[in-house]
Amino acid sequence: MNHHLWLYFAVVFGIVILPGLDMAFVMASSLLGGRRAGMAAVGGIVAGGFCHLAMATLGIAMLLQLLPGLFNTLLLAGAAYIAWMGWTFLRSDSVFQPSHSREVLAPHVIFRRAMMTSLVNPKAYLFMLAIFPQFLRTDEGPLWLQSGVLGAITAATQVGVYGALALASSHATDWFTHHPRASAVTAKVMGVLLIATACASAAQAWRGVSTAMQSADITIVVGGHTVR
């Protein structure tokens, strides 16, 4: 692996380890359903990443850049979902039963929800627009092959980071089982963290909407007078 691929790995690693929607979903899934649920969430996040790669290749990411309203809608959708997860944790007396139900979601359901969480994560689109193209070299072979290699590096990094997080979170289940009070406190903390993450994403979307409104040239005629 040449130096620019190592640099790409370093950049991706630095982005993946930052707290965000994907990390929050993996941690919550692992605490609720254990290792199997956590790894299903990791798989869904990785699958969503490959979807981002395909969409970037097809130019859909560029379309989102040209349509900031759609981009902000994605941001708000992801924030709303994570906020809902946080609210269920806040209402719970146990980190294992935020919905007051003993039913455990099937891995394929968690996989699907994780992939959707990844697909509504706007940071991934920003990455594909601003960073990913910088590591493509026209003189180093077919671009589709280079994109595949970079995508594989991204997926491997996500599996390593999120997989470790899923395992660490799932190993805490036994301890929490014997410490119900700590489980209740952790549920509240998880709820606050998830809602804080959602609020940060929503604030970013609101800034985008405000910027778009300020930059728009809107003309209104009132009583024969033109107001901009």
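Each Cβ is built from the backbone N, Cα and C atoms, and glycine gets one as well.
Nobody curates TrEMBL annotations by hand; they come from automatic prediction.
So that you can see what the record holds, here are the features copied from TrEMBL:
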| type | residues | note |
| --- | --- | --- |
| TRANSMEM | 6-28 | transmembrane segment |
| TRANSMEM | 40-64 | transmembrane segment |
| TRANSMEM | 70-90 | transmembrane segment |
| TRANSMEM | 144-168 | transmembrane segment |
| TRANSMEM | 189-206 | transmembrane segment |
By a Cβ-Cβ criterion of under 8 Å, what residues six or more beyond either terminus of the transmembrane segment (144-168) are in contact with it? 5, 8-9, 12-13, 16-17, 22-23, 26-27, 29-30, 35, 38-39, 41-42, 45-46, 49-50, 53, 57, 132, 135-137
Sequence-distant residues near the transmembrane segment (6-28) by C-beta distance (under 8 Å, 6 or more away from its ends) are 38, 41-42, 45, 78-79, 82, 85, 89, 113-114, 117-118, 120-121, 123, 127, 131, 135, 150, 153-154, 157-158, 161-162, 165-166, 169, 190, 193-194, 197, 201
